[in-house]
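Everything below concerns the one structure shown next.
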Amino acid sequence: MTIALGKFTKDEKDLFDIMDDWLRRDRFVFVGWSGLLLFPCAYFAVGGWFTGTTFVTSWYTHGLASSYLEGCNFLTAAVSTPANSLAHSLLLLWGPEAQGDFTRWCQLGGLWTFVALHGAFGLIGFMLRQFELARSVQLRPYNAIAFSGPIAVFVSVFLIYPLGQSGWFFAPSFGVAAIFRFILFFQGFHNWTLNPFHMMGVAGVLGAALLCAIHGATVENTLFEDGDGANTFRAFNPTQAEETYSMVTANRFWSQIFGVAFSNKRWLHFFILFVPVTGLWMSALGVVGLALNLRAYDFVSQEIRAAEDPEFETFYTKNILLNEGIRAWMAAQDQPHENLIFPEEVLPRGNAL
């Protein structure tokens, strides 16, 4: 019996090989297999958003004007979520709600589910693109792993949170002012700023900004040759012929500043990767908790004492009152379909307001 060792070669290329050759060809803009998911989804998501913000009203879903056509600007235009009565319907154009009528589909909020779902798959396609290119050029896939952070936040906020609530209605609409309203909603109804997962997210994002600034400045500092250039404005001249980067010099500098410093490039850069990605993932987990209506910290003893003693007040009790105000005034106008009417005596009052 003879065993042949060596690379297996096909006599002729099949359809997969032809597709693979074309998709992964070296060109100005790499396509790849991931591009089959990324490019159509990104095109439809961005195109749907521009269409919605330009032409489509939110009168039938939120009682609002939300398009340039109605007088909104870039900060106030939005692609709004469907009405609460539509619950978690995918709102397919050919579905039972719109029945193939494009105008009716837009009025019902179909563009929101269109943008949200294509946007989610577009982001996933972009992460797969980074995996594919890393594999092609023999890199480790840390870029793709890092990009899982933004994907986790997008999916948790725009998809998982409303799935835990009564409908897509409670997701953020796609617009600047709409996102601000959603943030106020999160604070008033979930006390989001006192949620430990939000705290970890803030620490991760702001900590990453600090680390990025420190790292960029340190590398810039050590890219220039020794000499009098360090003491004059010539130190800011970017035309030096070759870099003179020195990890040892940077380590010595920060050792003197803080008493401790990174001595290993890999650990340093992994830390700069780890801080923001972990922060984003923690935020995403927190939003999943909110989908299930899990509560933030409650300091009940302070609330009881504040209720009993008019002279006792903390920043926490003031914020709790403020949240009650947000709920009372926001719910009535934010959910007009509920016909909520709050009599004057139940509206919150106190020093916080």
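Just so it is clear, glycine is given a Cβ too, placed from its N, Cα and C backbone atoms.
Per Swiss-Prot, chlorophyll a ChlzD2 binding site is recorded for H118. Annotation note: H118 (chlorophyll a ChlzD2 binding site) sits in a helical segment as assigned by DSSP.
The pheophytin a binding site annotation in Swiss-Prot covers Q130, N143 and is backed by sequence analysis. Every protein chain considered, the tally of other Cβ atoms within 10 Å of the Cβ of N143 (pheophytin a binding site) stands at 15. N143 (pheophytin a binding site) falls within a helical segment according to DSSP.
Within the same chain, residues at least 6 positions away in sequence whose Cβ sits under 8 Å from that of H198 (chlorophyll a PD2 binding site) are W192, S283, G286, A296. According to its DSSP assignment, H198 (chlorophyll a PD2 binding site) is helical. Residues or ranges marked as chlorophyll a PD2 binding site by Swiss-Prot on the basis of sequence analysis: H198.
According to Swiss-Prot, the plastoquinone binding site annotation covers H215, F262, on the basis of sequence analysis. H215 (plastoquinone binding site) counts 16 other C-beta atoms within 10 Å of its own C-beta, drawing on all protein chains shown.
Residues or ranges marked as Fe cation binding site in Swiss-Prot (evidence: sequence analysis): H215, H269. H269 (Fe cation binding site) carries a helical DSSP state (H, G or I). Non-local neighbourhood of H269 (Fe cation binding site): empty, since no residue in the same chain at least six residues away has a C-beta under 8 Å from its C-beta.
Summarising the annotation, Swiss-Prot assigns phosphothreonine to T2.
The N-acetylthreonine feature in Swiss-Prot is assigned to T2.
Positions annotated as transmembrane segment by Swiss-Prot, on the basis of sequence analysis: 41-61 (among others). Only residues 6 or more beyond the boundaries of the transmembrane segment (41-61), in the same chain, are considered here, and those with a CB under 8 A from a CB of the stretch are 67-70, 72, 77-83, 106-109, 111-112, 114-115, 118-119, 121-122, 125-126, 169, 173-175.
The transmembrane segment annotation in Swiss-Prot covers 125-141 (among others) and is backed by sequence analysis. Long-range contacts of the transmembrane segment (125-141) within the same chain, counting only residues at least 6 positions beyond its ends with a Cβ under 8 Å from a Cβ of the stretch, are 24, 30, 32-35, 37-39, 41-42, 147-148, 151.
Here the transmembrane segment (153-166) has long-range neighbours at 81, 84, 87-88, 116, 119-120, 123, 172, 280, 283-285, 287-288, 290-293, meaning same-chain residues at least 6 beyond its ends whose C-beta is under 8 angstroms from one of its own. Swiss-Prot lists 153-166 (among others) with the feature transmembrane segment.
Annotation comment: Swiss-Prot describes 208-228 (among others) as transmembrane segment, evidence class sequence analysis.
Marked as transmembrane segment by Swiss-Prot on the basis of sequence analysis: 279-295 (among others). Sequence-distant neighbours of the transmembrane segment (279-295) (same chain, 6+ residues past either end, Cβ-Cβ under 8 Å): 148-150, 152-153, 155-157, 160-165, 186, 190-192, 195-198, 200-205, 207-208.
Other C-beta atoms found within 10 angstroms of the C-beta of F262 (plastoquinone binding site) number 19, with every protein chain shown included. If you measure from the Cα atom of F262 (plastoquinone binding site) to that of H118 (chlorophyll a ChlzD2 binding site), you get 41 Å. Its Cβ placed at the centre, H118 (chlorophyll a ChlzD2 binding site) has 21 other Cβ atoms within 10 Å.
Here the Cα atom of Q130 (pheophytin a binding site) is found 18 Å from that of H118 (chlorophyll a ChlzD2 binding site).
It is 22 Å from the Cα atom of H118 (chlorophyll a ChlzD2 binding site) to that of N143 (pheophytin a binding site). H215 (plastoquinone binding site) sits 18 Å from N143 (pheophytin a binding site), taking the C-alpha atoms as the reference points.
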